[in-house]
Amino acid sequence: MAEAAAAPALLTSAASAGKAPLPAFPENPPVGVWTRHVTCRYFIHGVCKEGINCRYSHDLATSRSAMICRYFQRGCCAYGDRCRYEHNKPLQEDPTGDTCTAPSESLPEPSGNINSKAAELAASELASGGPRAQDWVNAVEFVPGQLYSGRAPEAYTQGTVKPDEGREEPADPELKKQLCPYAAMGECRYGENCVYLHGDPCDMCGLQVLHPVDTCQRSQHIKSCIEAHEKDMELSFAVQRSKDIVCGICMEVVYEKTNPSERRFGILSNCSHSYCLKCIRKWRSAKQFESKIIKSCPECRITSNFIIPSEYWVEEKEEKHKLIHKYKEAMSSKSCRYFDEGRGTCPFGGNCFYRHAYPDGRIEEPQPRQKSGMSSRYRIPSPSAGIDFGSLTSERAETRLRTRKTKL
C-alpha cells in the first residue's frame, strides 16, 4: 500500500519539475492489443492448446505471406502436394515502389573493422526495403521449442571478410567426385542444385552411374554390366531349354507339374536321358532288383553312380561337368550323417560326397569302400575320436606276454 501511494507522488513531482510524466502501467494490461495481428504458429501446426482463448490470431487469411513454402521456392520440397504450406511463386516486386520509410540519419555505425563501402551498401539495402527476396527465402525459420539463431545482414558479414576471401568458395571437390546415389537409382529431387555429381546413363542398365571423368570407373561398370547381362542370357537360355522336357518315367512335362517342388530334374552322371528328380529317386530306391539294375538308366541301361538335382535341364558335357563340380563342392561342406563325427561308419567310404570330419576338425583319411559280404576280420578299421591307439597296442603286447608265460 505504501508503494501504491508513492506512485502518484512521483508523478506529481515529475510534472512540477517540468518533465513529461511517465505513463502509469495498469495492473492488468489488455490482452490481444497487438498480438491479434500475429498468426499463432502452434495453430498453424495444429497443436494450439489455448483455442479461442489464445492471444494470437487464428485467422490464416491474415498470414498468407508467411504460409508460402520456402522449400518450394527453392524447387526442392519433398512433400509435394501433401505440403501444409502454399506452393505459390513469389510476386514480382515493384522496383520503383518503396516499401518502407527512409532510415534515420542517425543510423549507428557497426563496430569493428568495417569499411565505409559495406556501411553504404547496408544503408542502401535498408532504404530500398531490406535484403533481397531470395535472402528472405533463405532466412532462418523460428520453430517453437527450439533456440532461435538470428542472421546478420549480408553487408555486415561481408565487411569483415578479407579481400582475397570475398569471392564465393566452390563446393567441396571431394563431393564433386562422388556420384549422387539418388540419381544413380533413378531420380534426384535436387536436380541441378545437387552437391554431388550426376553421372552419365549406362546403355546396359539405363542408370546414371557412369562417371564423366573417371575412365577406370566407366570401364569397370561396363564390364560388370556385360557380365550380369551374360548371366541373365544364360539363365534365359536354360529356362528356354528346360520348359518342354518330358520325364521318361511319368511322361509329364517337368515344368508343368502341379506341385512346384516337383519341378526339378534328376541328371544322371553318365546318361543324357531326362527324368524328374522324384521319379528317378523312386526308381533307384527299389529293393527287388540288383544294385547294377537299379543304378542303370531305365532306357539305355548305362550305369550312373549318382544323381545331380537341378532346376534346369543340362545335356552338354561341359555344362554337366560344371554342374557335377558345383554339386560336389556343395555336398563337401555338409557333415555326413553316417560318419557322425567318427562315431559311425559310412557305407560309401572314400566315395562319399559329404564331409567326414572329427569333432576337433581333423578330416578322415580316404578309406576304401566296404564290400558287402566281407568278413569282419578283414575289415579295415576306421579311426574314431577318443581312442588311444598307443594304450591299445600296449595292452595287446601284455596279453601276448601272459599267454606265453602260461604255456611255459
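In case you wondered, yes, glycine gets a Cβ from its N, Cα and C as well.
What you see is a predicted model, and the numbers here were worked out from it, not measured in a lab.
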Of 63-90, 119-146, the range Swiss-Prot labels zinc finger: 63-90
Residues of the zinc finger (34-61) by DSSP state, where helix covers H, G and I: 12 helix, 2 strand, 14 coil
Close approaches to the region 'Makorin-type Cys-His' (202-229) from elsewhere in its chain (Cβ under 8 angstroms; 6 or more beyond its ends): 177, 179-180, 183-186
Three-state composition of the zinc finger (174-201), taking helix and strand from DSSP: 12 helix, 4 strand, 12 coil
